[in-house]
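Here the structure comes first, spelled out in structure tokens, and everything after it is commentary.
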Amino acid sequence: MSKTLTITMLLFVSMAGWMFGADTGSIGGITNMRDFQSRFADRYNPVTDTYSYSSARQGLITGMVNVGSFFGCLISSPTTDRIGKRNSIIGFCVIYLIGVIIQVTAVPSWVQIMVAKIWTGLGIGALSVLAPGYQSEVAPPHIRGTIVVTYQLCVTAGIFIAACINMGTHKLYKTAQWRVSIGINLLWGIITLVGVSFLSESPRYLVSIGKDDEAIQVMCKNAELPPDSDIIQTEYKQIKSDCEAAVEGGPCTWPEIFGKEIRYRTFLGMAIMSFNQLTGCNYYFYYGTQVFKGTGMESPYLASLILDAVNFGCTFGGLFVLEYCGRRVPLIIGGVWQSICFFIYAAVGNRALTRKNGTSNHRAGAVMIVFSCLFIFSFAQTWGPAAYVIVGESYPIRYRSKCAAVATTSNWLWNFLISFFTPFITNSIGFKYGYIFASCNLCASIVTFLFAHESKGLTLEEINELYLSDAKPWMSRPKNLSEMAEAKEVEREETRPKGESARYLEHADSNSDSEDLSSSANNDVHEPVARQDPFNENEVEKSRTRPSQESYTTSSN
């Protein structure tokens with residue numbers, strides 16, 4: 001893959017994560033700005049000359065973006081099937097930009113802000129599925145993991161930069177306080193939109209619709225290799241085989257992901273992604289400014305900025321933690337660590353923060369901030385990135401898109417519930433809220449220990465066999481997973497009706513001459529997909545009589 005294209009993917013596609021992070025990191029500070037409160041808050045205290053929100057209005061302004069994200073995540077799958085990932089990313093970027101414009105131009109009506117948040121969420125939710133998926137399909141295997149993780153890195157970077165912008169604008173005059181913080185988000189959407197416009201469609205999508213020649217051209221361009229390269233041919237054959245397997249047995253339906261074979265992993269993915277929110281991370285990211293204001297800090301914006309900086313910096317550590325420590329151990333240890341941090345945070349806030357005379361104990365407030373940072377230190381390296389990695393690795397090809405969509409929507413659902421109900425809960429029980437998150441973190445560790453297998457270093461086929469085996473997650477995994485996966489594939493091939501082999505390209509000799517491949521990609525007669533069948537019985541029979549060095553030809557529409 002050329003350096004230019006690699007940098008382009010990192011900068012432009014990952015910027016979709018920046019858009020998500022920027023919205024998350026900015027809303028807490030914006031709702032605390034005086035001009036924003038004077039226009040959209042529903043309570044005013046003339047004695048103290050301060051504005052405040054009812055719990056319902058605070059929760060709706062903050063949380064409605066997650067409602068939009070929930071539905072955006074669901075509609076991303078059928079949209080991608082129709083127009084491809086690249087075009088879908090472009091379309092949802094436009095939706096996101098429209099939502100931001102509506103927010104910036106809001107009149108003194110909090111309903112407009114709420115509706116704009118829903119519209120913005122449609123784009124953010126869809127892009128949270130599409131961007132990592134596009135990267136994983138276009139990037140070559142040896143850098144695929146690094147490129148995909150940059151999405152999460154950009155999420156944390158967006159949160160941090162949004163906190164910096166809030167820090168710089170909260171003292172500005174009138175509407176500039178919050179319009180600048182919201183309006184700057186247009187930049188991230190425009191960067192993503194322009195960058196993706198110059199990228200190619202995913203080779204996997206092109207093969208799935210029969211445009212094999214175009215897919216090969218994209219792979220050659222990305223890898224800077226000729227069509228006869230072993231790398232190109234191997235990748236093409238794998239994609240072709242995957243696409244065949246994906247449609248084997250017909251399109252996957254929603255009820256099927258809760259069938260006997262896959263429901264264990266479906267519910268596990270939903271649990272892992274739910275606990276990703278129930279760790280309490282967005283308690284800080286959404287309401288950090290208000291939380292630290294309640295601890296007596298003179299500059300709650302600064303405290304929130306410090307927390308977001310820790311989150312951004314520690315995400316780099318997550319790249320190495322998941323690579324060398326696997327998935328299970330970081331999630332288990334991270335959950336226990338985070339539980340301890342929240343327990344201490346809640347205990348100090350509940351028992352030591354407020355003195356008997358009603359003043360704040362600044363030392364207690366400092367302790368709370370320290371343990372908040374320690375929580376983020378762990379989350380950014382464990383539950384932040386690892387939850388998405390587990391969901392991306394756990395499902396067979398045929399079920400992957402729908403299972404991942406269900407898991408991700410559970411994440412957005414809990415995201416909304418926490419963002420909406422947090423004002424109600426904190427107004428009722430204050431810092432005791434931390435005990436709830438401490439319990440959830442402990443439960444997350446237990447669920448991971450009991451149900452999540454270690455998938456580090458395994459192929460997707462081996463991971464599938466691991467979950468189908470009788471091995472317990474806390475026991476040593478079977479050493480013959482590769483043989484089990486191969487045996488299952490052979491069994492599947494033997495039971496396939498004659499003439500429907502999906503492994504013709506996969507088992508054919510990979511050391512092929514480039515002439516046939518190139519000429520086929522450029523000179524084949526293009527026929528509608530429905531009328532062509534390069535894997536029919538005659539073709540397979542012909543392939544057995546060809547010299548071993550003959551190249552593989554491709555058909556396209």
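Yeah, the Cβs are placed from backbone N, Cα and C, and that goes for glycine too.
Computed from a predicted structure; not experimentally measured.
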Item to complete: Indicate yes or no: per Swiss-Prot, are ARG39 and ALA404 on the same side of the membrane.
Response: no
Worksheet item: Based on the annotations in Swiss-Prot, which residue of ASN357, ASN480 is described as N-linked glycosylation site?
Response: ASN357
Worksheet item: Counting Cβ pairs under 8 Å that sit 6 or more residues apart, are there three or more between the transmembrane segment (405-425) and the transmembrane segment (267-285)?
Response: yes
Discussion item. Restricting to CB pairs under 8 Å, which listed stretch, 145-165, 180-200, 329-349, is in contact most with the transmembrane segment (10-30)?
Written reply: 145-165
Worksheet item: Taking the topological domain 'Extracellular' (426-432) alone, what is its mean pLDDT?
Response: 91
Response to the item:
Per the Cβ under 8 Å criterion, with at least 6 residues separating them from its ends, the topological domain 'Extracellular' (31-58) contacts 108-110, 113, 166, 169-170, 174-175, 177-178, 289-290, 293, 300, 423-424, 427
Worksheet item: Are there residues at least 6 beyond the ends of the topological domain 'Extracellular' (426-432) whose Cβ is under 8 Å from a Cβ of it, and what are they?
Response: 55, 287, 345-346, 348-350, 353, 368
